[in-house]
Amino acid sequence: SMVGVTAMRAWIEPVVAGSQVASAFYDTALLLVVKNYYNQTNATAPSHALEDAQQKAVSNFYIIYNLVLGLSPLVSAYGLSKLGDKMHQKIPICFPLVGYLGSKTLLLLLILLGWPIEVMYGAAALNGLTGGFTTLWAGIMALGSLGSSESRRSLRLIVIELVYGLAGFLGSMASGYLFVGFSDRYQEGSVLVGCSIACYAFCLLYSIFVLTVPKSAASCPAKANSVKEVGSQLPAHTEAAAATAAGSSQPSERSSSTPVSPSKLIIITLFVAAILYDLAVVGAMNVLPLFLLSEPLSWNAVEIGYGNAAGYVIFITSFLGVFVFSKYLRDITMIMIGVASFSAGILIMAFVQWTFLFYIARAVMLFALIPLPTIRSMLSKHVEGSSYGKVFVLLQLSLVTTGVVTSTIYNKIYQNTLNWYSGFCFILSFLVSCLSLLPLSIVAIKQRSTTGSVQI
């Protein structure tokens with residue numbers, strides 16, 4: 001039926017899956033291409049010195065590359081998302097995809113034409129200036145929020161995260177085989193980058209020709225304007241009003257019964273909580289591979305592969321968590337459960353001496369993915385639909401900027417505490433993660449008092 005087709009065309013999942021598989025292919029290809037490049041340039045040195053020089057060169061390349069990649073979206077992301085809110089919700093999705101295509105094509109040309117590796121700094125800048133992952137992800141989250149009722153929004157956003165995680169898992173698993181499999185017949189890495197480009201091309205074509213913006217955004221201009229006027233006086237009702245204006249029979253349950261005043265305080269505290277939590281997670285996850293490679297675990301490639309797979313299982317357990325919890329618990333409670341789950345897991349990680357303990361720590365972190373999508377879901381309930389893109393991109397920019405700084409600081413701390421106590425960074429993450437419970441409890445208290453006052 002037509003309705004079914006229209007509903008399917010609003011699915012953002014194919015873009016999430018396609019771009020994540022493409023990204024996994026590209027990341028593997030880039031790492032191996034960079035490694036080979038510095039192998040050839042240092043080929044004359046003796047083997048142990050070669051290993052050190054190569055490690056250092058690769059790590060220096062990535063420091064610059066990640067800085068360019070992380071900071072260049074600061075220039076364009078906010079503007080693109082505002083444009084998306086004002087003109088068309090697809091702009092923050094299509095624009096970054098064009099940039100992705102361009103920058104990945106540069107890597108292919110580099111492999112085929114033997115260009116210098118510094119070209120990749122330009123590719124990173126192109127990627128960032130067209131919005132990059134920051135804008136793409138904020139755009140995806142805005143579309144996901146527009147297409148879901150308030151009561152189901154947390155579930156909708158975690159489903160998107162789940163698709164992202166599974167695609168990353170499959171892409172990572174396949175990328176090694178693709179890189180090795182064709183290296184005898186073609187230039188090493190060219191097939192893998194080619195596959196990555198093909199996936200991005202699919203995402204771009206899908207976004208332009210198939211994807212439709214969900215109707216709840218605005219059914220027709222006149223209705224939309226009247227909804228906006230109502231909205232400006234009573235933002236909590238916008239969703240319900242938009243739903244009724246669009247002739248939908250079910251305005252979202254929660255917003256119609258209790259209008260929550262959109263408090264600036266709640267938005268700010270949610271931002272602070274998200275940044276603190278992200279800081280704890282990013283820092284710990286940056287150091288984890290180094291921790292696994294060194295004493296006492298000293299893992300090999302196969303064990304690292306299993307460890308990564310265990311990391312992706314968290315996407316599934318967090319999804320199941322939201323699926324069940326969202327029926328009985330408030331968003332803020334789910335977020336706190338997620339934070340507690342990560343904190344406990346990372347504290348265990350600090351004392352890992354044996355492989356089985358690593359898996360116990362990972363198992364305790366089973367809900368670690370719940371906080372961020374649920375915080376986004378909560379934020380979307382405190383702002384109008386017309387500014388989802390703007391709010392999400394501001395959050396994403398804060399997270400990316402924190403991430404770039406955090407990974408640098410954590411790596412330095414890890415290098416300096418390595419011989420003294422290698423799990424020190426994880427204890428640091430545990431403390432920062434616990435800190436994020438403070439702003440969350442402020443939100444919980446604030447929400448209790450608002451709902452209380454409305455009922456009086």
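Positions of Cβ are set from backbone N, Cα and C atoms, glycine also.
All TrEMBL annotations are machine predictions without curation.
As annotated by TrEMBL, transmembrane segment applies to 62-81 (among others).
Summarising the annotation, TrEMBL assigns transmembrane segment to 93-115 (among others). Within the chain carrying the transmembrane segment (93-115), a Cβ under 8 angstroms from the stretch's Cβ atoms is held by residues 12, 15, 19, 22, 26, 29-30, 33, 80, 84, 122-124, 126-133, 135-136, 139-140, 143, 187-190, 193-194, 196-197, 200-201, 203-204, 207-208, 211, all 6 or more beyond its ends.
Look at TrEMBL and you will find 121-143 (among others) tagged as transmembrane segment. Only residues 6 or more beyond the boundaries of the transmembrane segment (121-143), in the same chain, are considered here, and those with a CB under 8 A from a CB of the stretch are 10, 12, 15-16, 19, 23, 64-65, 68-73, 75-77, 80-81, 84-85, 89-93, 95-100, 102-104, 106-107, 157, 160, 213-214, 373, 376, 388-389, 392-393, 395-397, 400.
Panel annotation: around the transmembrane segment (155-179), residues 12-13, 16-18, 20-25, 27-29, 32, 140-141, 144-145, 147-148, 188-189, 191-192, 195, 305, 308-309, 312, 314-316, 318-319, 322-323, 326, 369-370, 372-374, 376-377 of the same chain, lying at least six beyond its termini, place a Cβ under 8 Å from a Cβ of the stretch. Annotation source TrEMBL lists transmembrane segment at 155-179 (among others).
Same-chain neighbours of the transmembrane segment (191-213): 6, 9-12, 14-15, 18-19, 21-23, 25-26, 28-29, 88-90, 93-94, 97-98, 100-101, 104-105, 107-108, 111, 143, 146, 175, 178-179, 181-182, counting only residues six or more beyond its ends whose CB sits under 8 Å from a CB of the stretch. Positions annotated as transmembrane segment by TrEMBL: 191-213 (among others).
The annotation transmembrane segment is assigned in TrEMBL to 265-292 (among others).
Look at TrEMBL and you will find 304-325 (among others) tagged as transmembrane segment. Beyond its flanks by at least six residues, the transmembrane segment (304-325) meets 154-155, 158-159, 161-162, 164-166, 168-169, 172-173, 289, 292-293, 333-334, 337-338, 358-359, 362, 365-370, 373-374 of its own chain at Cβ-Cβ distances under 8 Å.
The transmembrane segment annotation in TrEMBL covers 332-352 (among others).
The transmembrane segment annotation in TrEMBL covers 358-379 (among others).
As annotated by TrEMBL, transmembrane segment applies to 391-414 (among others).
Long-range Cβ contacts of the transmembrane segment (420-445) within its own chain (Cβ-Cβ under 8 Å, at least 6 residues beyond either end) map to 265-266, 269-270, 272-274, 276-277, 279-281, 283-284, 287, 291, 294-295, 332-333, 335-336, 339-340, 342-343, 346-347, 349-352, 371, 378, 410, 413-414. What TrEMBL lists as transmembrane segment is 420-445 (among others).
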Test of understanding: applying the rule of at least three C-beta pairs under 8 Å (pairs 6 or more apart in sequence), is the transmembrane segment (358-379) touching the transmembrane segment (62-81)? no
Recorded stretch that, among 265-292, 332-352, 358-379, has the most CB pairs under 8 Å to the transmembrane segment (391-414): 265-292
